[in-house]
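Copied over from TrEMBL, here are the features:
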type: COMPBIAS; residues: 1-39; note: compositional bias 'Basic and acidic residues'
type: REGION; residues: 1-49; note: region 'Disordered'
type: TRANSMEM; residues: 69-89; note: transmembrane segment
type: TRANSMEM; residues: 95-117; note: transmembrane segment
type: TRANSMEM; residues: 124-141; note: transmembrane segment
type: TRANSMEM; residues: 168-186; note: transmembrane segment
type: TRANSMEM; residues: 193-215; note: transmembrane segment
type: TRANSMEM; residues: 221-247; note: transmembrane segment
type: TRANSMEM; residues: 259-281; note: transmembrane segment
type: TRANSMEM; residues: 337-357; note: transmembrane segment
Amino acid sequence: MTELRQRAVREPDAPPEDKESESEAKVDGETASDSESRAETAPLSASADDTPEVLNRALSNLSSRWKNWWVRGILTLAMIAFFFIIIYLGPMVLMIIVMCVQIKCFHEIITIGYNVYHSYDLPWFRTLSWYFLLCVNYFFYGETVTDYFFTLVQREEPLRILSKYHRFISFTLYLIGFCMFVLSLVKKHYRLQFYMFGWTHVTLLIVVTQSHLVIHNLFEGMIWFIVPISCVICNDIMAYMFGFFFGRTPLIKLSPKKTWEGFIGGFFATVVFGLLLSYVMSGYRCFVCPVEYNNDTNSFTVDCEPSDLFRLQEYNIPEVIQSVIGVTTVWMYPFQIHSIALSTFASLIGPFGGFFASGFKRAFKIKDFANTIPGHGGIMDRFDCQYLMATFVNVYIASFIRGPNPSKLIQQFLTLRPDQQLHIFNTLRSHLADKGMLTAATEDE
């Protein structure tokens with residue numbers, strides 16, 4: 001009786017149907033709050049040892065600490081070799097790999113929500129999650145195709161129609177999923193269903209949006225894709241190495257194994273690595289030229305005249321440093337200066353993406369997002385910092401690097417009506433004549 005009286009005080013205005021739904025939920029199955037409390041107290045099953053048997057036998061005489069060091073080291077080298085291979089295969093393969101990584105990361109996070117909240121009986125949950133992934137990808141990749149393959153889209157009538165109504169189609173597809181979600185709501189699972197609806201949308205925001213930015217960075221030039229990713233990889237490796245051999249001082253409670261020694265050592269190593277890698281890559285057109293679509297050959301091209309950003313220039317060294325090294329000037333690519341900003345972000349701010357992921361995993365009492373890569377966890381465990389880095393690079397390019405694109409302006413100009421083209425032509429001619437860039441004779445002609 002006391003408990004009922006207290007409940008009546010807490011919920012004086014509870015409508016009868018809510019009380020009925022609560023009782024039904026308790027009769028028919030567990031309530032959403034039961035699932036929530038169970039998620040907070042019951043950890044997911046720990047992942048089994050997924051180390052290949054060959055490595056287990058070869059490293060059986062080592063302690064667990066050194067065995068983990070060797071397993072992580074060997075598989076890290078294998079992943080780096082795979083990274084070099086896909087770079088060699090070109091931008092199209094890179095985009096496909098980014099798409100595959102995005103899908104796997106989405107799958108890992110959705111699976112955690114599915115297991116933690118015991119969402120096995122939720123109607124349409126997995127179907128709707130993948131449907132929303134399809135809708136968001138259709139929107140983002142449709143925008144990319146319209147932006148970067150404008151001439152191809154205008155040449156093909158079906159693509160032109162899809163491009164013209166792309167956003168309306170995307171919104172309609174999302175509304176279908178939204179209505180399906182509303183229709184799937186059942187009394188005993190209201191709260192849990194809205195939990196998972198929010199879980200899906202936050203996952204889309206974290207994974208799909210930022211992987212889309214990775215592809216945008218790639219189109220600016222492969223150097224804007226490779227250098228940031230390589231800096232994050234270098235920082236991850238060097239922070240682990242410095243922490244493994246010299247680490248003594250804990251860095252953050254979310255990741256007890258992270259140390260100040262590893263954090264600082266990784267920073268200096270990454271800045272030096274970024275400078276060296278940028279110097280090497282800036283000399284090759286295949287890395288510095290924007291990725292563009294050639295309508296004549298129906299293929300991607302990366303051939304251009306490098307901008308001033310990728311031409312060696314002489315810089316004066318500050319007098320304080322001159323007295324130490326005895327050199328007054330140094331020849332550098334301007335991009336190397338930008339690489340300092342990229343490597344600094346990768347070293348000082350990028351790890352917070354990993355800390356965020358660590359906090360997420362601790363909240364649900366799991367060690368890794370999955371066990372896809374022995375010694376490393378899931379794909380999301382390797383890309384938790386990369387997504388944050390991709391957003392920074394995209395913002396950095398838009399703020400400090402990118403200017404108006406003449407080729408895109410011409411493409412849009414050619415799609416206008418003849419009278420609109422003539423009006424722009426006359427306006428531009430008058431503007432150039434007023435600035436003295438066109439002679440009177442030329443203007444008369």
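The backbone N, Cα and C atoms fix where each Cβ goes, and this holds for glycine too.
Within the chain, the transmembrane segment (259-281) has long-range Cβ neighbours (under 8 A, six or more residues past its boundaries) at 223, 226-227, 230-231, 234-236, 238-244, 246-251, 287-288, 332-333, 335-336, 338-340, 342-344, 346-348, 351. Long-range contacts of the transmembrane segment (337-357) within the same chain: residues 227-228, 231-232, 234-235, 239, 252, 254-255, 258, 263, 266-267, 270-271, 273-275, 277-278, 309, 369, 380-381, 384-389, 392-393, 396, 400-401, each at least 6 residues beyond the stretch ends and with a Cβ under 8 Å from a Cβ of the stretch. A Cβ distance under 8 Å defines the sequence-distant neighbours of the transmembrane segment (193-215), meaning residues of its chain 6+ beyond its ends; these are 32, 36, 95, 98-99, 101-102, 105-106, 109-110, 113, 117, 119, 122, 125, 128-129, 132-133, 136-137, 140-141, 144, 181, 184-186, 225, 386-388, 390-391, 393-394.
Counting same-chain residues at least six beyond the ends of the transmembrane segment (124-141), those with a Cβ under 8 angstroms from any Cβ of the stretch are 99, 102-103, 106, 110, 114, 166-167, 169-170, 173-174, 177, 180-181, 184, 193, 196, 200-201, 204, 208-209, 212.
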